[in-house]
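Take a look at the structure below.
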Amino acid sequence: MTNWQQQLPLTDTQKNELDKSVLRYLNWNYKQTVRHEHAQDYESVRHAIVTLSGFLLQESVDRQEFISNNDTSNESMVDIDELLLPKKWNSIVRLQKKIIELEQNTETLVSQIKDLNTQVSELAQFKPTTSNGTSAHNVLKWIPRNLPSCLINVESSVTSVKLHPNLPIVFVATDHGKLYAFDLFNYTIPLASLQSHTKAITSMDVLFTNFTNSSKKNYLVVVTASKDLQIHVFKWVSEECKFQQIRSLLGHEHIVSAVKIWQKNNDVHIASCSRDQTVKIWDFHNGWSLKTFQPHSQWVRSIDVLGDYIISGSHDTTLRLTHWPSGNGLSVGTGHEFPIEKVKFIHFIEDSPEIRFRTPSTDRYKNWGMQYCVSASRDRTIKIWEIPLPTLMAHRAPIPNPTDSNFRCVLTLKGHLSWVRDISIRGQYLFSCADDKSVRCWDLNTGQCLHVWEKLHTGFVNSLDLDVDFDSNVTPRQMMVTGGLDCKSNVFMR
């Protein structure tokens with residue numbers, strides 16, 4: 001055996017079959033091209049192929065079969081194996097693509113197995129509920145795993161997502177003005193869908209009413225704001241799985257950028273802000289506008305409500321605190337370099353002295369009911385602010401503190417690479433999403449970024465939501481939902 005035969009990784013039989021396949025392909029190719037396009041070279045090419053078969057084919061039977069099939073007098077004979085070589089070549093390419101896909105799927109499954117093993121370890125250490133609320137604290141320390149539990153697809157970009165406070169339902173609002181409700185245990189088709197606006201939905205909020213000493217039945221309210229200048233109020237009818245529109249709120253003269261609904265005693269109010277530079281307070285029961293004030297000189301992009309106070313963030317890069325019943329502006333925060341996308345109050349949590357910003361530092365702040373707030377901006381930062389105490393007087397509306405009316409920035413979180421779109425606070429963690437396609441989890445105690453989800457979406461991440469931890473009517477669950485420009489919502493569940 002020669003040296004080149006030793007290097008060839010084929011047996012004699014395999015080499016003979018390969019040679020026959022090559023010759024059959026050459027024979028087919030010459031029939032298709034040379035005979036029709038280069039007729040003058042026909043005989044010379046045919047003779048060369050026959051000669052080549054004499055060198056390559058070892059068995060005389062194989063040579064005779066090939067010469068017979070190549071005979072010009074036998075035009076009707078077709079060798080079924082003439083295209084065997086190109087077919088095998090194409091099969092190898094398809095097989096390589098399939099192998100790459102299988103390797104990617106295997107990598108994903110291995111990651112899921114690691115996450116599940118981590119969850120099993122956590123469950124093994126999980127303690128049952130005790131009188132001092134041990135399990136509640138464990139729930140608040142939950143950080144979602146790397147991969148979502150389910151993926152929801154809709155027809156256009158997701159602009160806002162909200163979890164039902166009690167049921168495994170997620171509400172999804174889109175850039176085409178559609179509103180969806182999905183069952184998290186059967187999310188292939190929506191429970192309900194509604195064309196709620198003629199233009200994009202910009203914001204959404206939900207509230208499960210808690211009417212006491214009243215004949216009114218409690219139910220879930222869904223409020224949406226839109227670029228069509230309208231605010232729509234819906235009742236979620238659980239028995240029929242549908243949205244029932246209660247009313248529309250009209251009054252803003254430009255895009256309605258954010259909406260918030262809250263309840264105090266048996267009174268339910270809705271707050272909205274707009275590009276017309278105003279903030280409006282609405283009565284939920286009759287739809288009347290109770291108050292309108294202008295806290296900023298430019299587009300008001302975000303609001304949050306705590307009792308009689310509203311915090312607002314604007315295109316003018318500032319955030320302001322306002323006493324909404326009187327319309328008195330109380331204090332202002334400056335420090336962002338670009339427009340503010342989201343603002344939120346940081347609510348106090350009882351019996352959590354170890355969590356920074358979640359307990360009051362003085363009795364005066366405790367009596368007032370708030371001390372800190374957080375803002376997210378297009379300057380890629382998240383800032384936590386201490387709100388100055390206003391001048392509080394009995395039976396009179398609060399007024400600005402003449403010696404201290406400026407927010408004090410106590411912590412700046414840096415890590416996002418583009419506009420920060422939304423934030424949510426649970427326990428000692430702050431979750432944020434941004435146009436850099438990532439979601440981040442921050443530790444409020446240290447200011448460190450604990451976890452980054454970088455491949456949840458292929459476009460901007462516009463919204464996220466977790467259960468609140470400060471409402472006694474809402475039991476926090478280990479769930480998080482995100483919505484993005486790629487028309488997808490990712491849901492994380494334990």
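Cβ atoms are placed via backbone N, Cα and C, with glycine included.
Marked as domain 'LisH' by Swiss-Prot: 14-46.
As annotated by Swiss-Prot, coiled coil applies to 90-123. Listed as Cβ neighbours of the coiled coil (90-123) (distance under 8 Å, sequence separation of 6 or more from its ends, same chain) are residues 145-147, 494.
Residues or ranges marked as repeat 'WD 1' by Swiss-Prot: 153-192. Residues of the same chain lying 6 or more positions beyond the ends of the repeat 'WD 1' (153-192) and with a Cβ under 8 Å from any Cβ of it are 198-206, 208, 220, 222, 224, 226, 228, 234, 236, 238, 241-243, 459, 462-467, 471, 473-475, 477, 479, 481-489, 491, 493.
Here Swiss-Prot flags 196-244 as repeat 'WD 2'.
Under 8 Å from some Cβ of the repeat 'WD 3' (251-292) lie the Cβ atoms of residues 202-207, 209-214, 216, 221, 223-227, 229-231, 233, 298-305, 307, 310, 312, 322, 324-325, 327, all in the same chain and six or more residues away from its ends. The feature repeat 'WD 3' is assigned by Swiss-Prot to 251-292.
DSSP places the residues of the repeat 'WD 4' (295-334) in helix, strand and coil in these numbers: 0 helix, 24 strand, 16 coil. For 295-334, the entry in Swiss-Prot reads repeat 'WD 4'.
Here Swiss-Prot flags 347-395 as repeat 'WD 5'.
Here Swiss-Prot flags 415-454 as repeat 'WD 6'. Long-range neighbours of the repeat 'WD 6' (415-454) within the same chain, counting only residues 6 or more positions beyond its ends whose Cβ lies under 8 Å from a Cβ of the stretch, are 137, 140-141, 143-144, 146, 338, 341-342, 344, 346-347, 349, 352, 354-358, 374, 376-378, 380-382, 384, 460-469, 476, 480, 482, 484.
If you look up Swiss-Prot, you'll see 457-492 marked as repeat 'WD 7'. Listed by sequence, the residues of this chain that lie at least six past the ends of the repeat 'WD 7' (457-492) yet keep a Cβ under 8 A from its Cβ atoms are 136, 139-140, 142, 144-145, 148-163, 165-166, 170, 172, 174, 182, 184, 187, 208, 210, 347-349, 418-419, 421-422, 424-427, 431-435, 437-439.
Taking Cβ pairs closer than 8 Å, the repeat 'WD 4' (295-334) reaches residues 257-258, 260, 262, 264, 269, 271-275, 277-279, 281, 340-345, 347, 369-370, 373, 375, 377, 383, 385, 387-388, 390, 397-401, 405-407, 409 in its own chain, all 6 or more past its ends.
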